[in-house]
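Here the structure is laid out as structure tokens; the discussion comes afterwards.
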Amino acid sequence: MAVTNVAELNALVERVKKAQREYASFTQEQVDKIFRAAALAAADARIPLAKMAVAESGMGIVEDKVIKNHFASEYIYNAYKDEKTCGVLSEDDTFGTITIAEPIGIICGIVPTTNPTSTAIFKSLISLKTRNAIIFSPHPRAKDATNKAADIVLQAAIAAGAPKDLIGWIDQPSVELSNALMHHPDINLILATGGPGMVKAAYSSGKPAIGVGAGNTPVVIDETADIKRAVASVLMSKTFDNGVICASEQSVVVVDSVYDAVRERFATHGGYLLQGKELKAVQDVILKNGALNAAIVGQPAYKIAELAGFSVPENTKILIGEVTVVDESEPFAHEKLSPTLAMYRAKDFEDAVEKAEKLVAMGGIGHTSCLYTDQDNQPARVSYFGQKMKTARILINTPASQGGIGDLYNFKLAPSLTLGCGSWGGNSISENVGPKHLINKKTVAKRAENMLWHKLPKSIYFRRGSLPIALDEVITDGHKRALIVTDRFLFNNGYADQITSVLKAAGVETEVFFEVEADPTLSIVRKGAELANSFKPDVIIALGGGSPMDAAKIMWVMYEHPETHFEELALRFMDIRKRIYKFPKMGVKAKMIAVTTTSGTGSEVTPFAVVTDDATGQKYPLADYALTPDMAIVDANLVMDMPKSLCAFGGLDAVTHAMEAYVSVLASEFSDGQALQALKLLKEYLPASYHEGSKNPVARERVHSAATIAGIAFANAFLGVCHSMAHKLGSQFHIPHGLANALLICNVIRYNANDNPTKQTAFSQYDRPQARRRYAEIADHLGLSAPGDRTAAKIEKLLAWLETLKAELGIPKSIREAGVQEADFLANVDKLSEDAFDDQCTGANPRYPLISELKQILLDTYYGRDYVEGETAAKKEAAPAKAEKKAKKSA
């Protein structure tokens, strides 16, 4: 049934829709059989279709259209015959993905009058290959040729098993019918090749569209080019089908030193150099009312001369206008789609490229450009040209008509008769269109667990008296200059001498930086880095608790990489492996050794450091495995005289490390054992270490080891919101870090122990809320629970043990008891809550917190109240008043 009106078009779409639904279920084997049969039929009809196209359109050359038809069938088939376009395209068992191809549906094919049969063949074949249907809207000037090409492909496809209405066309095309087709609700994609107006209409249709832009291909010929090849290539390309290929050359820009030679070569090989009035006459005929004159499109050179009012020999290949103006006022500077060519002189290569840039920007942006140079010996020019030209195809030493369509002069450039021009040309793609653009890809993504790790320092020395033995490794490794980073107390009390005396005796030069204070600041760190830069150590030894070790780690980074910006080091990340800022490679200038003199921080084995910006008071927890020391020395002799308060705060810091590591979303079977063992040691030995001190060296040593073991656990499993809030409390109110954790940990457990939290932290291996169960496991491991206890009872016993332990170690019952004034706390609690939410530790917490929830935990901990799920501060404050009112009423 012929399609001559909208009703007939709607009927056609319905038939094609039915056919495509059937075709969508075909296998790859069936599709490939149809694809091959259709390509064979199109190739076989290449000559009659070419003759029909020239006769009907009055454009082009039969012999060249034969080549285009052959290309559209043979080259397209050869390029895509083995491409998978049906069903499962790929499977990746390692990453658990399956990619599945689905057809788009019905495609509207817009076909130009310049390439009426080859474009129809091309679009039909790639539609068949992808299980799509296609309906053509041909150009009125070449409708019969286009529709005949489509019919030949269709009949061959039907004979090979395709549904009968898989390809359709409009018999009497009009603007009305083209618009109706493009806007039809059952059209799924528009594949538009044609003039700017039609392509713009396609993109304005509200449907997905793949269109092409105008071409205005400039050619640059430099002084190193093979002139004979360059001229021959341009002539071959420009005369191909009388220049109707949109990629064909429109201008040549020749470097001055070879301009005359190029000009002469053109003149002696079929190029006609327009002179005087002839040039003006052709300029006048190229454009009509400011647009390309359709009368010259696809016409031979001698006919264009006749239109301009003069004659040239019939064997003239192209008309060449030597011009100087590079803007829209010059007709030769436009796309001409005919054997007419502008020729410009450039003073040098850079000037030639600049002119080419202007020509592209004027009318062919995104399409094609060409350079003739010595490509083997001028890679810099090839690169320069490639970077300067805003075109999707940048051809080197290649005839543009044949080269742009791909697979003829470069065999990785995809063959196509629809050439995308990217966003420059107002297109959705910037490559040669092929089957991949006509399929929808579905990705089946199976749940996969994150790759985890267990990273430690290369060496960990422990037991009493291990310090001098460990330092022997520093000596035998050949280190010559050691910088010791510590605090003034440890320096004044001879702790640093225990290191320097051993090293100096072995001939190692030493320098001591002892200005680190509690909560190290950026200014102190920078001062230490300056000393490192002047002393140039090959080993840095951090001696002390968390503060000297944290400071030393940042000094190490600044010494190794002085170009580093602290703001980038402090940037938060969701996944340490995917962070935006990558820490630089460490250990090039110096090795890092951490000697811990407190039992709690764990910093000697962790990739973490905390530093305070003294300009703002903000604490920044930094994290990266580049910060992990190369060696940790855990010598309990260094903590025998540790004061009771430091023992208590450090011990409870270690308890919190182990607790948070065990319930973290990154917890693993590797970190679990260390977290549990650390808690077991701390439960057994922390009270004795606190009360008896150096009189019980075994207890001191076990707590010292437990702190490092907990450090290993949280170095790999990370921490949670207890530390997030503790960091901010310490920064704002100068509460010792271990004390802040001790104050918060019980309410954090109450908060996390919820199997139905407001939000669960998103991490692949953490598939459901587990904190409640894991807290109960801790109670079991510590021997706190009794047979038959339910989970809730186990957690209550865990909390009771912690409260008892804190009381025994002299920990205040609330933040208020720790000395923070109520007005000061309430004035800052909102900011504390938001800053804690933004802390790096928050992301590993098993429960993803709301800022309001963190605020509630902080308020409850300030007043010494138990956190209760769903109870806000307002409710808690109202409850006593309500009870008092009720009591009065009863009385």
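If you go along the chain as it appears here, the first residue is 1 and each next one adds 1.
Using N, Cα and C of the backbone, Cβ positions are placed for all residues, glycine too.
Bear in mind that the values here come from a model prediction, so they are computed numbers and not experimental data.
According to Swiss-Prot, the feature region 'Aldehyde dehydrogenase' maps to 2-440.
Classification of GLY195 (NAD(+) 1 binding site) by DSSP places it in coil, neither helical nor stranded. Feature annotation from Swiss-Prot assigns NAD(+) 1 binding site to ILE110, VAL111, PRO112, THR113, THR114, ASN115, GLY195, GLY213, GLU335, LEU419.
In the three-state DSSP scheme, CYS246 (active site, nucleophile) is classed as coil. Over all protein chains present, the Cβ of CYS246 (active site, nucleophile) has 30 other Cβ atoms lying within 10 Å. The active site, nucleophile feature in Swiss-Prot is assigned to CYS246; the stated evidence is similarity to another entry.
The N6-acetyllysine annotation in Swiss-Prot covers LYS358. A C-beta separation below 8 Å, combined with a sequence spacing of at least six in one chain, links LYS358 (N6-acetyllysine) to VAL326, ASP327.
Per Swiss-Prot, region 'Linker' is recorded for 441-448. Same-chain residues lying 6+ beyond the ends of the region 'Linker' (441-448) with a Cβ under 8 Å from its Cβ atoms: 89, 95-102, 764, 767.
Residues or ranges marked as region 'Alcohol dehydrogenase' in Swiss-Prot (evidence: a curator's inference): 449-891.
Positions annotated as NAD(+) 2 binding site by Swiss-Prot: ASP487, ASP519, GLY546, SER547, PRO548, MET549, ASP550, VAL610, LYS619. Summarising the environment of PRO548 (NAD(+) 2 binding site), the number of other Cβ atoms within 10 Å of its Cβ, over all protein chains shown, is 31.
The Fe cation binding site feature in Swiss-Prot is assigned to ASP653, HIS657, HIS723, HIS737; the stated evidence is experimental evidence. Within its own chain, HIS737 (Fe cation binding site) has GLY546, THR601, VAL610, PHE649, ASP653, ALA726, HIS727, GLY730 as residues 6 or more apart in sequence whose C-beta sits under 8 angstroms from its own.
Maximum intra-site Cα distance, NAD(+) 2 binding residues ASP487, ASP519, GLY546, SER547, PRO548, MET549, ASP550, VAL610, LYS619: 19 Å. Taking the Cβ of ASP487 (NAD(+) 2 binding site) as centre and 10 Å as the limit, one finds 23 other Cβ atoms among all the protein chains shown. Sorted by the number of other CB atoms within 10 A, the binding-site residues PRO112, GLY195, GLY546 start with GLY195, the lowest. Distance between Cα atoms for THR114 (NAD(+) 1 binding site) and PRO548 (NAD(+) 2 binding site): 77 Å, as a whole number. Cα-Cα distances to GLU335 (NAD(+) 1 binding site) place CYS246 within 10 Å, out of the recorded positions CYS246, PRO548, ASP550. Residue environment of HIS657 (Fe cation binding site) contains 33 other Cβ atoms, counted within 10 Å of its Cβ in all protein chains. With DSSP states grouped into helix (H, G, I), strand (E, B) and coil, the region 'Linker' (441-448) comes out at 0 helix, 5 strand, 3 coil. Around the Cβ of THR114 (NAD(+) 1 binding site), a 10 Å sphere holds 27 further Cβ atoms from the protein chains shown.
When the Cα atoms are compared, PRO548 (NAD(+) 2 binding site) and HIS657 (Fe cation binding site) turn out to be 19 Å apart.
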